[in-house]
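What follows is a set of notes on a single structure, which appears directly below.
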Amino acid sequence: MAAGFVSSIIKWTAEKFSSLTPAQSTAGCSTFEPHARAIENFEMLQKTMQSIQDALDNTDEKDVRSFSEKLRLKELSGAARDAEDVFEEYEYEVLRAKAKARSRRQVDIGRKRKLEEVCETSTDDIPVLVPVPNDLIIRMKEIKKKFDAITKEWDTLRLRETDGPRRRNDHAWMPKPTSSLVHEPNVHGREDDKENIIQMLLEDDENSRNSVSVLPIVGMGGIGKTTLAQLVYNDPKVSHRFRQKGWVCVSENFDVLELTRKIFTSITKGSCDYTELNEIVDALREELIGKRFLLVLDDVWIDNPNLWNPLRNLLFALESGKVIVTTRNESTATIMQTMLLYRLDRLGFDDCWLIFVQQAFEGRDPNALPELVEIGKKIVVKCKGLPLAVKVLGGLLRFESDEGKWIDILDSELWELDEEEDQILPALRLSYDRMPPALKQCFMYFSLFPKDYQFYKNDIIRLLMSQGLFRSDGTKLEEDIGRGFLDDLLQRSILEYDRNCEDKESLKMHDLVHDLAQSVVGEEFIRVDDGELCNLPGEVRHLSLIWSNSISNLNLLPLKKLEALRTFIIILRDGLQPEVRVDVLSDLFRNLKTLRALDLRWTRIGALPESIGNLKLLRYLDVRYTDVKRLPGSIFSLYNLQTLGIKYDPLAESSEAIKELINLRHLLFEGNEHTNYLPSGIRHLTNLQTMMIIPIGRDPRHFRIQDLKNLSHLKKMQILNLKNIDSVEDAQEANLRSKIDLKVLQLSWERSSALYCNTSCEQSSGEPSKVPSEATRSLLPVDWFEERVLASLEPHTNLAELLIYCYGGIRFPQWVGDVSFSKLVKITLLNCQKCILLPSLGQLPSLTYLNMSYIESLQHIRREFYGCSSEAKGFPSLEILAFSSMDNWVEWGGGEYGDFPRLQEISIGECPKLQRLPQHLYSSLTRLVLSNCEQLDELPLLPSLTHLTLRGKFNEKMLSSLHLHLLRFLEITGLKTLPVEFRKLCSLQKLCISYCYGLETVVSLYEHPSLEELSVRNSPQVQFRLHSSEDVITRNCPVLQEWCRRHDIDLTYSGVILYKNSMQFLRAFTSPYVSPLIFVFVFWKQVNLARKNLPVVKQQHSRTSLKIE
């Protein structure tokens, strides 16, 4: 336990003491010890803690080496945590007293409107003097004695500020500046390795054809095995050969059933609903019939062949695949391999130096810093060719210009540690040792999760925030500080982005870094993997249970003894949902009074007990995906609660009670769950930042549009049921324009399709509703009213995404498209059926995506759509444009040369009256999708078009105007004729023909020399012609030739006729005469296949495929 770490805890606690005690210095109560004396005890404890903190700040971290000194630090840390608990319990008493005072004020005010105004008053504005409870006074005295005893025993700790020079103040540390570097890191020194492995895979694929081979990549931790496997996995040559790919991280948990489920999910890209191993294997075999697959099993640890054999038998039962295994253990590779293992060597100095420069000198010129370059090269040498070590130290020194700090890294004694003893790289220990105390606390929290766990930024930030780790001075939100902490860990390569996710919100931790976290946490952080919650040390404060046990009942009773517990998280595997008994929870909640974070997601809990009100310090509670159907009344006394994950239904019944959760910041619901209404009390939660779905109700007990007035920190709003708005004034009162944090806004006049109408609650308040009856509403100008409402819902110009659904106005208000919305990148307008005029969107400088659908009254698009300026060109940044289901749209005009300079994709569907597209646009267009645009008789010149999709009814004249020499992808659905021009597509690589029942044509492969894939579905008159198909079948597939003869298939005709009801897969045959189109899937009538014993035809060498159904 580092001195700086303990000092950080003490400093923060002492500061919180000092911030609260002055306001409470004059109160007293007959049922407590005289208040003045209690406050005096507080101040004495604060002074002692301040003295200890000063001494710790003067203690060099490297001087704390002996066991006794480390033990004293550990004891100090525990005492500081206990003091923090005492303070926060007193802080809770202050919050409770203020809540009661607020309730009394509300009772004194008779008029409802006045009541609402008082409720909106901040709790901090209510002056309350709160006596200190006796039990806290007793605990406070005990903690003071404990501090005194520890410091007396530790002779080297002098409680004077003058002992030695002060160390750098890390407590005021803030995260480093962020950079884009970590998003797309370059890989150095592995190009030859990548090409060698690809060659091994492809050559083995040619030689072993219908079998499965295993290629191990072996190397020490941190050498880059996973990175190399990713390079191979994403290489275009590999993707061409292996169309089905999957990636599974195995790590230390080698469970065959769980691995098989993960393999199925990864390869099929779908969920695995099977529970038995045989079912999964059969489904996987069916999915992979006739397909080559590549599977990567990353980070495998097995040294027992009996563990590997079941999975080996499963994989070898599949057809034609390759498995790459990455492992540190050569015995693991020997057990699994069928190919020669590939041993990965350390990187050379030059490649390591490139990695270091990329990390440490990002944004700086190394040539201008020769002193740092000289030191940096010596550091790289000490990394001994391990890219992970180089990355971590380079990230540590990024933005660091102090030469002394670089020398401190170079000369550290940690380089002398033997990495073979504890498997922790010295470079990683160096990185951890140089972290500021606040960042160390965050890093240790990751040890609670299993290896290869997928962290979502917002989830981990909320958990860390529940522990008080993000200390704001009021100028920044704690969530923003937390995001900065994670960015710093990313910069240091302690965390990395999950490369399977594009949104940069999903993180992973290298298993060696995870080992480091596990090695530094001691007994405060414990993760239990599939074990019993027994024999746990009393010092544990943060606990996680990784559950993959088949036992249905989860025994949590042993937790009762862990009275200092602050975090309890259950992480479930294999889709299991163990039962948690309510009576056990009731007992636990009476004992775990210091609990701050509780995550019980996916467990089978029938209810939450009333004793949950004892968890006074609870800040994070997540019971989503459980059976909790109601919330106990005591939950609304959890005044510290910041994050609540719950179903809608229990929350909807809370009405005004939820207003007591004055510190609630994140209200999380299950997935895409919806409800008809939310409780009106939410309007008082002025700290709320997350509440995705906001249905607008009519009843005063329900959340209404004007209740958004004081919710100023929401970042995303999906507002439903806007038709329930009573008046324009109510919409104006919502004051969306003032909400500077709002980034995503979705406005819907209807419910989601998942919602149901619950009319029984509409008039349940006993008061007459202000909403007009349906008869009265029918007399109102609805379009005018909705136009006024939408105009009143103008958001702040920081908005990034806007969706408007089921809007009934004829036109859009001026703010929709106003140039002041300079950050708006995405707009979607759906089902605005009465609209006859589109908003002027063309001058939005950042707009990249625009989608408009079901605007059925629109007939013309003219210059106003591009914006009013005659000089500025329209849509300068737009990349994707989509129109669909616009039945009366006739004309698209108003465009000028220079509009849409960056447009890459246009999709137009179900626009039967549209006659033509602008002729001078789209020089940058690469993708065009047209569906059922039967009046469209001409297309503009599209010189850059590479992808064309044509579906449904078309004007034949339009097809004849095509000049598509660069076209690589062509999809045709429902056509009756194939234009002659299509035979001239010399660059075509993929051709898909579907549902063209009347299309009579012969697709000749030699006319398309670049064709790589041909798919024909439900097109009975389409024929395809090989280059001498009889010769191909005779030489390569004599069994198929014989079968065709027995079934009267005429092979003298140089083509194969496809039948209408073709459903079954015969087998594959290959042709060395058609290049690069190599193997062909032929489908015949199901009726024939059902009666015949089909031959097995071997697959030959192949690169790409032709699929005919």
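Keep in mind that glycine also has a Cβ here, set from the backbone N, Cα and C atoms.
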Ranges 42-93, 458-509, 666-717, 718-769: which does TrEMBL label coiled coil?
42-93
Which one of 144-165, 166-187, 892-913 shows up in TrEMBL as region 'Disordered'?
166-187
Mind checking how the domain 'Disease resistance R13L4/SHOC-2-like LRR' (557-647) divides into helix, strand and coil residues in DSSP?
25 helix, 17 strand, 49 coil
Return the average pLDDT for the coiled coil (42-93) as a whole number.
74
